[in-house]
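Input: a single structure, listed below in structure tokens.
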Amino acid sequence: MKRSIILVLDSFGIGATEDAVDFGDVGSNTMGHIAQACARGEADNGDRSGPLHLPNLNKLGLGKACEESSGYFPEGLDPNVEITGAYGHAKELSSGKDTPSGHWEIAGVPVLFDWGYFSDHDNSFPKELTDRILKRANLPGFLGNCHASGTHVLDELGEEHMKTGMPIFYTSADSVFQIACHEETFGLDNLLTLCQIAREELEDYNIGRVIARPFTGPGKGQFERTGNRRDLSLEPPATTVLQKLVDEKGGDVISIGKISDIYAGCGITKKVKANGIPALFEATLEQIKQAGDNSLVFTNFVDFDSAYGHRRNVAGYAAALEYFDKRLPEVLELLQEDDVLILTADHGCDPTWEGTDHTREHIPVIVTGPKIPAGSLGRRETFADIGQSLAEYYGTSDMEYGKSFL
């Protein structure tokens, strides 16, 4: 019985790529810098302390993958452990370092075109664009119109938004148009309708995602994002391995978390909502138990990126990794004879790096299963090697990009 599980530790890069110079990311290393901070005692909080402790991931080859990628073996991990998984690192062929590019490339479809961006840090959006959105949504105006951290913009503009009913429009270095609105005073349904309008009006701008950022709370310092985020993505520009599995093999692709949004629903047969790493883990375990032949369980653990990477929270990132590692054996225990488990990422987001944006890094490619031989997979020239490997595993037609490691 053919079953695979992909767990994406969103933003968990393991060392800068050769082209990081083009992104201002030379020297970035999400995993490496977290490990260094932990070893120096700079990542202690109420949830964790001391050196980074990831024995299960390390046993599968994560430490070795980081070393092959960056030349640095993460402090706190045992360099002499017996490796039981196949491990490697992959560079990104896509032009960007964003979520859709990384995920689409994982599924065999690299983004070889340039996304549209709103590059101006202030007055970021064209007036003709925002005028059309406001007219269709029957809104008097909007706030923001800038590059901003999602948490900072709530403190700066959240109270004014609640008083005026004007949505907060903002962007970042990624190809995104983000809209933040209060769930109670503005309404979640109204926010989602507004985002759909924005998605339609952005068609000519080639913007990767419109992101709904609902929040709650009474005032500054007390606002919190909710779990009702929605990503309205463009559709992948070519057929992904997910679609081939469904169309050619009658298979099932189970999306957990924001996976379905990232692929605009393409190739997804079941969508499971869960918020937070514990809930995402529980949902993953339940779907693995239910999964049948020719199925793919695909989970994105977004909090590594959104709650810790972008917020430059090293201690929180380390604690989340250790939680993930502690629960990983629960997944391993569910693997059947022919199952393949792939642990990977979609880009980097080094919490020690300047700014709040993603970092251009190699991603780990950790593969295990009862029939997967242990050892190094070496450097993979594209994330699409994962998609090509899945195409070979399921017996679909080949992907245009990538080489199988199975």
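Numbering starts at 1 and runs along the chain as displayed.
Using N, Cα and C of the backbone, Cβ positions are placed for all residues, glycine too.
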Binding-site annotation, Swiss-Prot, Mn(2+) 2: partner of Asp305, His310 in His358, His362: His358
Least surrounded among the binding-site residues, given as Asp10, Asp305, Asp346, when other CB atoms within 10 Å are counted: Asp10
Cβ atoms near His310 (Mn(2+) 2 binding site) (within 10 Å, other residues, all chains): 20
